Structure formats: structure tokens, C-alpha cells
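What TrEMBL annotates here:
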ACT_SITE  GLU87  active site, proton acceptor
BINDING   VAL170, VAL171, VAL172, GLY173  substrate binding site
Amino acid sequence: MASFRYFTGPMDCGKSTLALQIDHTHTAGGRRGRLFTSRDRAGEAIISSRLGLRRPAVEVHPAFSFWGYVVDQLSAGARIDYVVCDETQFYTPAQVDDLARLVDELDVDVFAVGILTDFQTHLFPGSRRLVELCDSMEVLQVEALCWCGRRATHNARTVDGLMVVEGDQVVVGDIEQLHDLEPGGEEPAPVAQAAVVAYEVLCRRHHRARLTRSAAQAGLAETLPFGTTEGWEGQQ
Ligand SMILES: [Zn+2]
């Protein structure tokens, strides 16, 4: 019987590596699957891991239909035993509903991998739907670390090196031209064109204190009223 499994964790905890590993394991076992991703760091239609592995995948745009895609493939005589879905935080709730339907009505195993919460610590809409619908949810054991050495559990966004807590939920970092990628939005609007957007994982304490690694190194910590520098001094 097929199942709907959700694997989650913050950035930098090996999620894409896991997605590729799941696909490899099932392919080696003689099963046939399809890979999906959305806005991977390597570009469209590729799943890439920080360890250097990469595989072609189907790009999931806001209007993409998992149900339509799989039914078309099956109708054309293809075999699909499972799907591996990476970067699921960018999927719409309707697409997640579609994934559950694949499990229940077509007996296709679904492995969903993605981030749970955004840079403001709120659930992504697609991630919320995954929590609501999946058969099992697993928090990845490969743990990312904050600069202080604690477990990194929260994603921080920086603009030109400074942590921000306001802005659109989805802004992809590390690209030349930055755009508002709001699902279903109209013309992409340039967002702070010259700004460099990046992400960093922090422990909850340092996310709340807005203290990134570079801010801590710059000595800003000393000017803040909370006891946020403990742990960091030991790292020098
Ligand atoms: Zn920390």
C-alpha cells in the first residue's frame, strides 16, 4: 500500500541529498519514479545537493498539476511507482492535495522533502498542507548548526549582510536578478535590485536576537542587551 511521507528540516541539513538518495534506493530496487523540484539552487528542473550530486527533475510551477502529469504518463504507458518531491515549501496547498490523491487513488508512493518554516518562523502554505495530509513526518537527523554551536532550527534571511524579518515569504537568494516569486502573482516585480539576499540557519535564540554569524563577528553582540554572546566566545 502506498504512503505519503514528509521529511523536513531547516536549510543546510541535507534534504536534497536525501531526496536523491531515496530515488537511488528505489531505482536500484527496480522501481520506477519521477523527481520534482522547484527553484533549486542549481536552477530550473534540477535537484542538486551541496555534496555535488545532481539529477534532472520536473520543475513545479504554481500552475503545475501533479495529478494531470502522472495520469498523462500512465495513460501513455509509463510506469510510476513513486515520486520524490524536493523543495516542497514552494508547492501550493492544492499541489499537496494532488500528491495525497496520487497516494490514495493511484497507489503511488510520495516522498516529500522540504523546509517547514520561512525566515519569519511561519509555516509555508505548502508545508502546512503537508503536515495536515502526510501519513508520516520525519525531522531529519543530520542537524545543521548555528554559529554558536547549538542546533540550527530557524531560517534567517539577510539582505546585504543584515538579517531582515520583513519582506515577501519567497525570495530566492544567490541569484543576480531578484524577483518576487509569490505563487500565482502577476508580473514578477524586481525586489531591491542591487541587494544581495542570502540565508543562514540559526538557533532559535539567535534568530530571535537577529544575530547572524557576521553580526556576531563584527562585535554587534556586545552592544545588545541580551546574553546572546555566551557560547560564541568559546568559538573564537
Ligand atoms: Zn545560536
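Our numbering is plain: 1 for the first residue shown, then up by one each step along the chain.
Cβ coordinates are placed from backbone N, Cα and C, and glycine is handled just like the others.
Counting Cβ atoms from all protein chains shown, the residue listed as 'active site, proton acceptor' has 24 others lying within 10 Å of its own Cβ. Most buried of the binding-site residues VAL170, VAL171, VAL172, judged by other Cβ atoms within 10 Å, is VAL171.
Separating the Cα atoms of VAL172 (substrate binding site) and the residue listed as 'active site, proton acceptor' is a whole-number distance of 12 Å.
Counting every protein chain shown, the number of other Cβ atoms lying within 10 Å of the Cβ of GLY173 (substrate binding site) is 15.
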